[in-house]
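**Student:** Sharing a structure here in structure tokens format.
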Amino acid sequence: MTLEYINKKRPSVSPELDPCSNSNYKDFQVSNTELDISVSFDKKIVSGQVTYKLTAKTPNTTSIVLDTSYLKIIKIRINGLPSDNYELVKRKEPFGSPLKISLPTTINKEFELNIEFSTTDKCTALQFIEKEATDGQTAPYLFSQCQAIHARSLFPCFDTPGIKSPYNMKVKSPYACLMSGRPKETNEEGVYCFHQPIPIPSYLVALASGDLASAPIGPRSTVYSERVGLSDCQWEFEKDMENFIQVAEGLIFKYEWLKFDALILPSSFPYGGMENPNITFATPTLISKDRSQVKVMAHELAHSWSGNLVTNCSWEHFWLNEGWTVYLERRIIGGIAAAEAKSLGEKEAAQYGEKRRHFSAIVGWNSLVDSVKTLDPKYTSLVWNLKEGSDPDDAFSRIPYEKGFNFLFYIEQQVGGIKEFDPFIPYYFKKFRYESLDTYQFIDVLYEFFEPRGKAAKLDAIDWKGWIFGEGLPPNIPQFDPSLADECYRLVDKWVDFAKSNSTDISGFNESRDIGNFEPDQHKLFLESLTEKFGAYSVSEQIIRKLPSIYPFYAASTNGEIKSSWNELLIRFGNYNTTDQIVQDFAMWLGTVGRMKFVRPGYKLLQAYVSKEFAISTFTKFESSYHPICKTMVKKDLSLI
């Protein structure tokens, strides 16, 4: 019955139109894009030209409309001839200023559109960093972040995941450059060239420039960073990268992008990782010196298929990128765990790999529950409605990741488990390779694959309406294997019992005995679960203030996940004020990281449990060091805009 509801919601044509683009991308086919740019660190701009090879899909197309945001348009040429017949339409937030270019009536086949442009100081895709603020302090630094709708502030484009193109990229800079393509040899000093033969959308165009050095981390992988931190980066990733690729290839199909490299960016990078093709951009918080955060690289690798080869047609269907990627990431992590267990002679290695996958899913489920509690309900559905002019950055959360994963996990279980579901994985990615799709097409291909295998009734039984458009938690609560989580839960229960007993004798707790054998994710689960349980029970601040002396490991940890969870536990329930060292240290830490996963909850924590004035003054102190995207989102969180 709910499938009938879905069919009534279907657009007349799939994939449906992207409401976050001002462009008329549906009217054109792009066979190639040439991006030729120069970086000025003095002026803090990128300038140059973009050349498109375009074919109108209908003969009566009279204009082309591209997305721009805070760009300066210098000159336009059509088939080499200058054109003044264009208009930069008045800006409309948050989608920028459409660039409308009239086409000559003589154009009836493929044509070339060339646009000279320059970014401005309002560009939201770029962050320039003074050399004094870099780790090495030897050169300034520049990096881009175009997802979701920020490519339009870097160059005029069809800024939507709904259309793709191969790219040739050329950049001139006084410092080494990386872009989201395969490097090409060039004899020009200070000029760097890249080729991306696989069609990609605009949000995957990436640029970085600075004092970059590199080191091998596998036969198909290189890590780049500032020279000063290179050896730490190499150690963090060299053990796992090739293993990740091989497990992923066994699950899906051969890696098509040739190289899977990574760039560890300065601390202001606002995300954990960004899956730019051939060169994943990653936060330095991954360099935890215990390899515990390397799973983020498994996630970014999975994007090489989910997101980069097969792409959501618009940000309303973002779960198709991220839900699939989390699903593949956990299969990769489980596969690695099984292989390691087998190498140690474990008889039930495959089962252990599944336990690892389920443990990761439990941690993810907890983050989903937390997200549902704090988000605007309209952003907790699997498919968003952004048709009223909503900024996709406002909708960003763990929902598409974790609700999307749980939807796929539920479908996997519904059709009979891994053995039945696994053949669908390569089928899906081959069918939509190089294309963009919506959720309706995903449902269609599920039936296309499983109906001939006698599974149509299983799919019919799915609450499609509840899963796809329902707000809050999904309609079906997953059943995960709790084996690796039980140890964490037992310690949580012990603390809750102690808190309820009103005892002051803490001798029953000991760091080595309690948490000494925990793996990094178990630390995170323990801290988050303890925070949740203490939130339901009025724990005394005296107990909270004893925790640092019992578990000094947490205070000393360099793992961002642990540090964030630990400080939430202390500050929420410890009744600390602005002068307490716990609060001061946490506030200073917020100034050293730019990853929004930590920064945004951090300021919300200070605002709610210390003081709004202190949160704002701390943010003001560090505001200039944050990326434009992060800066805007924190301002919204603190009601500053």
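Placement of Cβ uses the backbone N, Cα and C atoms for every residue, glycine included.
Feature list, courtesy of Swiss-Prot:
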- Glu300: active site, proton acceptor (ACT_SITE)
- Tyr401: active site, proton donor (ACT_SITE)
- Gln145, Cys146, Gln147, Pro270, Tyr271, Gly272, Gly273, Met274, Glu275: peptide binding site (BINDING)
- His299, His303, Glu322: Zn(2+) binding site (BINDING)
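Structural setting of the listed features?
**Tutor:** Look at Glu300 (active site, proton acceptor): DSSP puts it in a helix.
Around the Cβ of Tyr401 (active site, proton donor), the number of neighbouring Cβ atoms within 10 Å comes to 24. Annotation note: Tyr401 (active site, proton donor) sits in a helical segment as assigned by DSSP.
Using a 10 Å Cβ-Cβ cutoff, Gln145 (peptide binding site) registers 26 neighbours.
Cβ neighbours within 10 Å of His299 (Zn(2+) binding site), excluding its own Cβ and spanning all shown chains: 23.
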**Student:** Give me the non-local Cβ neighbours of Glu322 (Zn(2+) binding site): same chain, 6+ apart in sequence, Cβ-Cβ under 8 Å, ordered along the sequence.
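**Tutor:** Spatial neighbours, sequence-distant, of Glu322 (Zn(2+) binding site): Gly307, Pro400, Tyr401, Gly404.
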**Student:** Looking only at Gln147, Tyr271, Glu275, the binding-site residues on record, which one has the least crowded Cβ, with the fewest other Cβ atoms within 10 Å?
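**Tutor:** If we count Cβ atoms within 10 Å for the binding-site residues Gln147, Tyr271, Glu275, the smallest count is at Tyr271.
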**Student:** Glu300 (active site, proton acceptor) has how many other Cβ neighbours within 10 Å of its own Cβ?
**Tutor:** 24
**Student:** Looking only at C-alpha atoms, tell me how far Gln145 (peptide binding site) is from Glu300 (active site, proton acceptor), rounded to the nearest Å.
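**Tutor:** Answer for this pair: 15 Å between alpha carbons.
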**Student:** Translate the DSSP assignment of Tyr271 (peptide binding site) into the three-state scheme.
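**Tutor:** Once the DSSP labels are grouped into three classes, Tyr271 (peptide binding site) ends up as coil.
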**Student:** Consider the binding-site residues Gln147, Tyr271, Gly273, Glu275 and say which one has the Cα lying nearest the Cα of His303 (Zn(2+) binding site).
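**Tutor:** Its closest listed neighbour, by Cα, is Glu275.
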**Student:** Can you list, in sequence order, the residues of the same chain other than His299, His303, Glu322 whose CB lies within 8 Å of the CB centroid of the Zn(2+) site?
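**Tutor:** So the additional residues around the site are Gly273, Glu275, Glu300, Ala302, Ser306, Gly307, Asn321, Trp324, Thr325, Val326, Leu328, Glu329, Tyr401.
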**Student:** My understanding is the cutoff is Cβ-Cβ under 8 Å with a sequence separation of 6 or more in the same chain; which residues meet that for Gly273 (peptide binding site)?
**Tutor:** Thr280, Phe281, Ala282, Thr283, Leu286, Val296, Met297, His299, Glu300
**Student:** Using DSSP with the three-state reduction, classify Glu322 (Zn(2+) binding site) as helix, strand or coil.
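**Tutor:** For Glu322 (Zn(2+) binding site) - judged by DSSP and reduced to three states - the answer is helix.
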